[in-house]
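Below you'll find the structure, written out as structure tokens, and then a few comments.
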Amino acid sequence: MCRSVDVRTAVLAKNDGLAAELRADLAERRVAAVNLLSSPGSGKTALLELVLRRARERGLAVAALTADLATENDARRLARSGAPVKQVLTGGLCHLEAAQVRALVDGWLPDATRLLFVENVGNLVCPASYDLGETLRVTLMSVTEGEDKPLKYPTAFGAAHLVVLTKTDIAGAVGFEDGVFSAAVERVNPGVEILRTSARDGQGVDTLLDRVLAVAGGAAPHAPLLAADHLRRHGHDHDPDAHHHDHGPDAHHHGHASPAPTA
Amino acid sequence: MHELSIAAAVVESAEGVAREHGADAVAGVTLRIGELAGVVPDALRFSFSLVAEGTALERAELVIEEVAARARCGGCDARFAVGSPPALWCPHCDTPAAELLTGRELELAEVRMAGSP
């Protein structure tokens with residue numbers, strides 16, 4: 001004899017719930033969080049260092065978390081910008097989870113912060129499944145990585161609010177075909193904006209900051225078709241006042257049927 | 001290898017369901033995994049066998065139902081298979097999809113309790 005229970009819950013419901021609460025709390029504190037996803041070596045840290053520097057020059061209260069399996073090297077590099085920076089050592093874990101961001105938001109994030117950049121572990125597979133309570137999810141790749149990368153990692157590129165191409169200053173030298181890349185992005189994420197950047201000559205740095213400021217100011221980000229189920233179900237309203245409504249602590253439960261015995 | 005974290009989440013929730021229903025052991029769980037969930041079923045099976053050891057799911061059978069990715073066209077309203085690599089464009093009228101209908105599932109669908117008195 002065997003009883004079976006039809007549960008129909010998201011496997012990552014716990015992370016999704018924590019992320020939803022974090023998103024609401026950050027909105028209340030008027031902080032917009034940006035989750036940066038890319039492969040190792042795509043130039044996330046170099047670009048972020050420049051973004052933080054520009055933000056400080058523009059008088060914006062920015063902070064950054066940077067996650068790696070080991071070493072504090074990235075935090076040291078980012079701290080040169082003068083912005084508050086915290087290294088998260090994942091101890092071998094291949095992605096960040098909402099609980100780790102929550103711990104740092106509660107224990108460390110300076111009160112005045114308006115923009116929080118979260119540099120995820122360099123990996124285009126695992127971090128794509130974990131909502132961190134971010135306002136904006138940005139997926140980056142460099143011109144050296146192959147134009148078809150968005151097709152190889154469709155979840156990471158397909159769920160992005162914004163796609164950023166890095167190291168454009170060497171695009172010519174490596175024979176990067178922008179049209180092939182753009183078509184691949186458009187195939188998995190129709191309508192998403194692609195921002196071309198270079199940490200070497202500063203291309204796109206101000207525009208990236210402008211995009212972040214726009215969503216921080218309440219503009220709705222692009223709605224990716226491959227966004228995780230719990231995000232698509234609730235829509236993505238980032239008006240701070242609407243947050244309680246859309247992402248309140250209880251809101252993440254709806255859509256998940258309560259456990260009900262079926263046999 | 002985030003399949004290990006995912007397997008741990010499956011075991012945690014299934015143990016919770018078992019406790020709620022007064023069962024000491026779980027005979028099996030069914031997961032629904034979408035083609036675009038970013039999870040590799042074989043890696044998940046392997047991780048599950050490791051994580052389940054010493055828990056109420058130690059002898060549980062893991063059933064994985066894979067869910068194909070399908071989308072609805074924003075132009076002609078046709079339903080179509082997204083394919084692999086995915087194309088979120090309608091194969092009939094070449095318009096972007098209005099929504100993804102299935103394919104991102106990462107869901108604990110069913111928990112079967114072991115032999116109750």
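Note: Cβ is positioned from N, Cα and C throughout, glycine not excepted.
Unlike curated entries, TrEMBL annotations are predicted automatically.
Residues or ranges marked as Ni(2+) binding site by TrEMBL: B:H2. Look at TrEMBL and you will find B:C73, B:C76, B:C90, B:C93 tagged as Zn(2+) binding site.
Feature map: annotations from TrEMBL on the structure.
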residue : record              : Cβ neighbours (10 Å)
B:H2    : Ni(2+) binding site : 24
B:C73   : Zn(2+) binding site : 21
B:C76   : Zn(2+) binding site : 12
B:C90   : Zn(2+) binding site : 21
B:C93   : Zn(2+) binding site : 12
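Proximity to chain A, defined as a CB-CB distance below 8 A, holds for B:H2 out of the binding-site residues B:H2, B:C73, B:C76, B:C90, B:C93. Residues B:G74, B:G75, B:D77, B:A78, B:F80, B:P91, B:H92, B:D94, B:T95 surround the recorded Zn(2+) site, their Cβ atoms falling within 8 Å of the Cβ centroid of B:C73, B:C76, B:C90, B:C93, which are themselves excluded. The CA atom of B:C76 (Zn(2+) binding site) is located 38 Å away from the CA atom of B:H2 (Ni(2+) binding site).
Cα of B:C73 (Zn(2+) binding site) to Cα of the residue listed as 'Ni(2+) binding site': a span of 32 Å.
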